[in-house]
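Taken from TrEMBL, the feature domain 'Plastocyanin-like' applies to 35-174, 212-306, 396-497.
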Amino acid sequence: MAAPTAFPQPVVVTSRSVPGRPAPVVDQVLDVRFTDISVPGYGPVSTRTYNGALPGPTLRVRAGDTLRLTHVNGLPPNPPHIRDSHAPHHPNSFNLHTHGMHVSPSGDADNVLREFAPRSDDEVAAGAAEPRYVTTIDVPADHPAGTYWYHPHLHGSTAEQIVGGMAGVIVVEGDVDDVPEIRAAADVVVCINELKIKDGKVPAFTSGRWVSGIPSTFTVNGTVNPTITLRPGEVQRWRLVAATAFTSLRLAITGDGGSTLLMHQIAQDGITFAKPVALTEVGMVMGNRADVLVRGDTPGTYTLKSAGASAPLMTVQVTETPVEPPMELPASLPPGRPFLHEEDITLPGTDREVVFHADSGVFTGDFPNAYRMLGTQATPAADPSGDLSHDPAYGLFDPGYTNHTLRLGTVERWTVRSDESLPALNHPFHLHTNQVLLTHRNGTRLDPPVWHDTIGIPGGAPGQSVTFLVRYEDFTGRAAAHCHQLHHEDLGMMQTVDYVAGG
Ligand SMILES: [Cu+2]
């Protein structure tokens with residue numbers, strides 16, 4: 001079912017059959033340039049957009065389809081880059097990441113090592129056409145059905161582009177949509193963006209204090225606090241997308257009298273659960289998706305809010321004629337992926353470890369903090385015998401260095417730790433290309449485990465850890481593992497992974 005008409009939804013693009021191609025294709029131009037948009041509830045903003053909209057179009061595919069996306073870079077020439085690669089740079093170049101999707105990281109697919117550069121000054125002066133970059137992604141025939149998203153992912157410019165609103169939702173249709181109770185529910189995209197706007201613009205990322213003091217403006221589908229209506233007894237399916245760069249969300253729906261509407265979570269990060277899980281609060285870190293079923297209850301006005309944020313993300317009006325009898329919730333679901341088990345680990349005793357670690361005030365210049373990924377496969381120090389806290393390479397992203405060589409077909413266990421004492425330094429861990437099965441938090445087993453592509457690790461209590469199992473499957477090529485607090489990633493909190501053929 002379609003979403004309620006008064007509630008904003010991004011433009012939807014679906015796959016179509018194309019003569020000469022074996023599978024349906026989403027063939028879409030994503031035009032990127034500075035656009036003057038009006039954010040309802042906030043006001044005018046001049047920002048980089050996909051197709052002049054916040055968020056970009058929702059791309060709907062089925063497993064086996066192809067995404068053929070043509071980016072036009074209509075941004076101005078890049079300003080000169082005068083600092084090292086661990087300072088933000090080329091803010092008008094970008095690329096494409098299909099976050100959470102199990103697709104090829106190579107060639108012209110989900111390859112975050114490509115650069116979609118704008119015209120140079122000389123090319124503008126010569127009247128050259130705006131450059132176009134084609135991405136072709138074949139979605140595997142067995143890809144899990146669920147909610148994913150896309151955003152630019154070029155090291156050095158990701159954060160500035162995301163906080164300006166460059167993000168869009170990808171829906172993979174499939175088995176879960178055919179569950180009768182879900183088929184009967186309105187299918188609603190709830191894309192949450194976190195904008196940092198000053199004087200109608202996203203400030204350029206020219207210092208570590210870049211956006212400090214600028215409050216976040218949260219939008220849902222491009223509007224501040226839109227209103228969705230729900231009839232008593234009606235069930236809607238909300239595809240919650242945390243298309244954010246800075247802030248972890250803890251979402252609850254509360255009414256005037258303190259009543260709450262339950263969220264029945266049916267999927268995490270695009271992977272369907274075995275059965276719905278009823279929650280009063282849904283935690284989402286930057287990059288997460290949570291699909292939830294919500295049923296209208298006592299009529300009244302409710303708000304969807306995140307703990308710690310004063311402003312509501314959206315208003316929920318439970319109103320009008322009740323649905324009789326009330327719509328049902330499904331008792332069981334088609335699980336998106338089978339679980340992995342410790343016995344599946346291919347080479348026991350070869351666990352990988354990542355430690356998120358920031359050294360404050362160690363560099364000169366505008367970016368004094370080092371955001372490092374340490375542990376068993378850290379990027380080597382420039383001077384191993386020197387003061388590692390001041391080292392300009394240790395644990396920092398180096399596209400020419402392979403941190404993790406990952407053989408297809410193997411199952412491994414990773415532990416990711418934070419040693420941050422500041423709560424603000426939470427570092428969500430995101431691995432590209434393969435989903436990971438979260439089995440433990442702080443050494444305590446989860447029952448059941450939960451598939452993720454991005455896992456929150458709160459700061460404030462050094463030693464917080466998560467443990468996951470992962471099987472590397474189907475696709476070779478170089479990809480990334482990184483912190484999804486994206487200004488940390490731009491400043492170096494990223495590692496390379498190289499998926500190689502098994503053997
Ligand atoms: Cu971080």
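Positions of Cβ are set from backbone N, Cα and C atoms, glycine also.
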Practice problem: Could you break down the residues of the domain 'Plastocyanin-like' (35-174) into DSSP helix, strand and coil, giving a count for each? | Solution: 10 helix, 51 strand, 79 coil
Exercise. Could you break down the residues of the domain 'Plastocyanin-like' (396-497) into DSSP helix, strand and coil, giving a count for each?
Key: 5 helix, 50 strand, 47 coil
Practice problem: Over the domain 'Plastocyanin-like' (212-306), work out the mean pLDDT and round it to an integer. | Solution: 96
